[in-house]
Amino acid sequence: MSDQLQMTDGMHIIVEALKQNNIDTIYGVVGIPVTDMARHAQAEGIRYIGFRHEQSAGYAAAASGFLTQKPGICLTVSAPGFLNGLTALANATVNGFPMIMISGSSDRAIVDLQQGDYEELDQMNAAKPYAKAAFRVNQPQDLGIALARAIRVSVSGRPGGVYLDLPANVLAATMEKDEALTTIVKVENPSPALLPCPKSVTSAISLLAKAERPLIILGKGAAYSQADEQLREFIESAQIPFLPMSMAKGILEDTHPLSAAAARSFALANADVVMLVGARLNWLLAHGKKGWAADTQFIQLDIEPQEIDSNRPIAVPVVGDIASSMQGMLAELKQNTFTTPLVWRDILNIHKQQNAQKMHEKLSTDTQPLNYFNALSAVRDVLRENQDIYLVNEGANTLDNARNIIDMYKPRRRLDCGTWGVMGIGMGYAIGASVTSGSPVVAIEGDSAFGFSGMEIETICRYNLPVTIVIFNNGGIYRGDGVDLSGAGAPSPTDLLHHARYDKLMDAFRGVGYNVTTTDELRHALTTGIQSRKPTIINVVIDPAAGTESGHITKLNPKQVAGN
């Protein structure tokens, strides 16, 4: 009599496929039809981090992908849960972060005939415009190859978000266990090196060597590449001033003598040759137009050929992965050495010193209530002594001022709103950074921005994560002194509840809360929060009149011809 065959099902197969591909963490929100999948993943040793909203779970997965070069995994239920996570998936794609969103879905036979199934939605086709790729699995024997494809697509070339649709009937479908194991694919070399054209590398070095005022701009693609040592060696060998975009801060420490960040406007307006390293010439750099010299020549190092010539002609495109491209640039530099003219470095230093003095005056001015400058000065003092922390930052004025004031000393320690300038990333990124690294995280939040994902403080407390949330509370979106134009006593469109005590939220979840009104109180609370490794909220009372409309990008608001 033969032994009885051992059977398995789709949800066990997908979990085994995740394990065999070294996926160790899932971020998500459970419900029909994925609850048992999450339970089984946890039973198999995969960490499951449960959120209060799928969007934050997706942001956590994306942050994990950025920090590790492995796809972060987000798990959602069907239809509404899928749509909640879709914003995070799109944001990952736009920013170039590897992420896979796995969602349960309804019965295809009913959905395709629009017969009104539970949470009916054609999720795969809804995801396609916003993801790097989207796949649906219709039979359990395809789960292994589907996950393998999702992993490879998410990390190869320019990284991005991939959607994987798992209908409930596929999760429940059965297979003989030994046969199922043969269908699982372990991905080998998912992101192979893409070497640049040697002629392009030679041309790039030749153009830089002739430049009188060269500048290197480091983008988050450079940070993602983890080519930190090659970038440092190249910049220091050629003595080329560099300008980091916000999430590239710390590749070289912001206090490095070649950093041109404090003379950003002058550097952009006067550089004659600019080398973009994993940075896109998009709205964050005024598309290379306003504020730039008309005759600036560009070298662009990017993994995506379609990015070249997107806004300004690129004199020398160097297409390849950043690590390989920088290795080639270093080798060529050693064969054809040059040093940036001292006069260019000196004039940048003069402008840096002038701007630093102006900033010092703002930072050292004592006010009551606090403003962004003196409050961020206190934060900067504490973080200077805690350089291992991860910094998450979102808001308008809170983001823009913190980016300029707070120095970063190590790569990939700053996570912010990125290419889309999206609000709501704060708690998800903070949780993702904490879970991935095990290090303390400080989230510097505008009060409006915090509101997008504030309920995730329960998640932070439930997992006892070392996250300190600093909320700059001026009682409004941008500012808290808006005017009611209706005359009906209604709040202004930009006003929030004045005198809100966000620190009190921690009473509900057994975290720690501080309400601070002075820089000394802020320094003490932040130092204590970091050192204690306890979930902490610091409510920083800011002048309602502090800040400007839309922060540093007021000019993006359409101009009115008439009206209020």
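Using the three backbone atoms N, Cα and C, a Cβ is placed for every residue, glycine included.
Keep in mind the model is a prediction, meaning the values are calculated, not measured.
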Which of N311, N355, N515 shares the substrate site with I32, Y118, A261, A262, A263, R264, S265, R403, N404, S550, G551, H552 in Swiss-Prot? The record says N355
In Swiss-Prot, ADP binding by R158, K220, R280, D302 extends, among I145, I205, I235, I322, to I322
According to Swiss-Prot, A396, N397, T398, G421, V422, M423, S448, A449, Y478 bind thiamine diphosphate, and the residue from Y372, Y409, Y463, Y502 that belongs to that same site is Y372
Out of D447, D484, Swiss-Prot lists as part of the Mg(2+) site with N474, G476 the residue D447
Residues sitting within 8 A of the centre of the D447, N474, G476 CB atoms (Mg(2+) site), not counting those, run G446, S448, F472, N473, G475, I477, Y478, R479, G480, L496, I542, P544, G547
Note: in the chain of R280 (ADP binding site), residues six or more apart in sequence with C-beta under 8 angstroms of its C-beta are G219, G221, D302, E307, S310, T419
Smallest Cα-Cα separation from D447 (Mg(2+) binding site) among the binding-site residues K220, A261, I322, R403 is shown by R403
For S550 (substrate binding site), the close binding-site residues (Cα within 10 Å) drawn from R158, I322, N397, G421, M423, G476 turn out to be N397
Among the binding-site residues listed as R158, M423, N474, G476, the Cα nearest the Cα of A261 (substrate binding site) belongs to M423
Whole-Å Cα distance, N397 (thiamine diphosphate binding site) to S265 (substrate binding site), is 19
Rounded to a whole number of Å, the separation of the Cα atoms of I32 (substrate binding site) and M423 (thiamine diphosphate binding site) comes to 28
Taking every pair from I32, Y118, A261, A262, A263, R264, S265, N355, R403, N404, S550, G551, H552, which the record gives as binding substrate, the longest CA to CA distance in angstrom is 60
